[in-house]
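Input: a single structure, listed below in structure tokens.
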Amino acid sequence: MPLIEPVVLNLAVALGIGLLIGVERERRKGFGPARSPAGIRTFATASLAGAVSFAAGGQILFSIVTAGVIALVAVAYWRGHEDDPGLTTEIALTVTVLLGGLSMQLPALAGGLGVVVVVLLAAKSRLHRFVRSILNENELQDALTFAAATLVVLPLVPDRQMGPYGSLNPHAIWLIVVLIMAISAVGYVAVRLLGNRFGLPIAGLASGFISSTATIAAMGARVAKAKDTQPAAVAGAVLSSIATIVQMALVLAATSTATLLALAVPLACAGLAASLYGAFFTALAFRQTAEVDLQTGRAFSISTAFVFALTLSVILLACAALRDAFGENGVMIGAAVAGLADTHSAAISVASLVASGKLTPNDAVLPILAGLSTNTVSKMVLAASSGGVSFALRVIPGLLLVAFAAWAAAFYNLFVW
């Protein structure tokens, strides 16, 4: 038998919610005849009223009490708000009653929501400043577009394979469009916070853990809008390859430690090459005489996201056609074909053969690097399609350097050392 009855704990949660919200409102209620009628005692009592009514009479009594509180709130508002049309305190009091009732069934959820309410109430000035002074019209439109693409369109798109060879999944393709917009928005926020010379390289490295391929396309889109950001965008694009390498090491460690050990030096050399190339272009970005102002631009380009999705769809079709022509018999061909779309899936499939004893760790090195190389080809195509020739001519050497470093280290390990 518990030391404290659950109903007592739930009532304590309800009281805590009321006190927490009431403390915040008490600090803002003012003084004198014009003060707000609701403070710490009112909110604590309202929360307890919701909890007790639910515990004593269930949903019916709780509904009656809630309706009564809403009626009192409405009367108080119309009698005392000639100069202040705000409804925040009144809405907060109603929510407090509802949270009090919720705490009798789901106390953890009620407590968490209570904290969220307090944070929103306390952040009034900061939220107002953000919306009125920091967020501009274009950014608001972009946020609404992203919300529609994610919350409205994405759930409606069919989630099944279709098209030639059953290689296209509309839901996955639209998810790629959303991903491109999200990564572009991350880069935009980083630029606003850190400036493009430092923000884009950091955003590229971080976004690479979501998708290095999508990050390269997003960086190309930014260059297409502002040519002066090219050095920083190139740095971000190439630095995203570091994330690819780190993720590959992690999936290999989870699938076959022996394969990871066989590829440790090639992956380390590839990461070092990406770091040096990215650092070089980051230095070029810092040598620019002035920071480029991007604040009048957009957080993302929908057309670029569609171009990226279309290009990747073509690559997926090519991948399916090659697999249909050559089958799954050749490990090298299979890994290379899989790498066109995702280098990690190629690495996992080959490492799984090592884990099952069908392949030695040394024999797995070249197929995995083949997948990494064909994935590099996909990135090169997307760099050219998103950022133009100038951007591609600077990104492609970096991508080739990363692949060459991995191959050179592998050949040295396998055939020289």
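Numbers run from 1 along the shown chain.
Just so you know, glycine gets a Cβ as well, placed from its N, Cα and C.
Just so you know, TrEMBL annotations are computer predictions that nobody has curated.
Per-residue pLDDT, averaged across the domain 'MgtC/SapB/SrpB/YhiD N-terminal' (11-130), gives 83. Residues annotated as domain 'MgtC/SapB/SrpB/YhiD N-terminal' in TrEMBL: 11-130.
Residues or ranges marked as domain 'DUF4010' by TrEMBL: 178-387.
As annotated by TrEMBL, transmembrane segment applies to 6-23 (among others).
Annotated transmembrane segment per TrEMBL: 44-77 (among others), in sequence order.
Residues or ranges marked as transmembrane segment in TrEMBL: 97-122 (among others).
The annotation transmembrane segment is assigned in TrEMBL to 172-191 (among others). Counting same-chain residues at least six beyond the ends of the transmembrane segment (172-191), those with a Cβ under 8 angstroms from any Cβ of the stretch are 142, 145-146, 149-150, 153-154, 157, 159, 199-200, 202-204, 206-207, 210-211, 214-215, 217-219, 221-222, 236, 294, 297-302, 304-306, 308-309, 312-313.
As annotated by TrEMBL, transmembrane segment applies to 198-220 (among others).
Feature annotation from TrEMBL assigns transmembrane segment to 232-253 (among others).
Marked as transmembrane segment by TrEMBL: 260-286 (among others).
Taken from TrEMBL, the feature transmembrane segment covers 298-319 (among others).
Annotated transmembrane segment per TrEMBL: 331-352 (among others), in sequence order.
Positions annotated as transmembrane segment by TrEMBL: 364-384 (among others).
Residues or ranges marked as transmembrane segment in TrEMBL: 391-415 (among others).
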Tertiary contacts of the transmembrane segment (232-253) (same chain, 6+ residues out, Cβ under 8 Å): 187, 196-209, 212, 215-216, 219-220, 222-223, 259-260, 263-264, 267, 270-271, 274-275, 277-282, 284-285, 343-344, 347-348, 351, 368, 372, 375, 383, 387, 391, 394-395, 398-399, 402
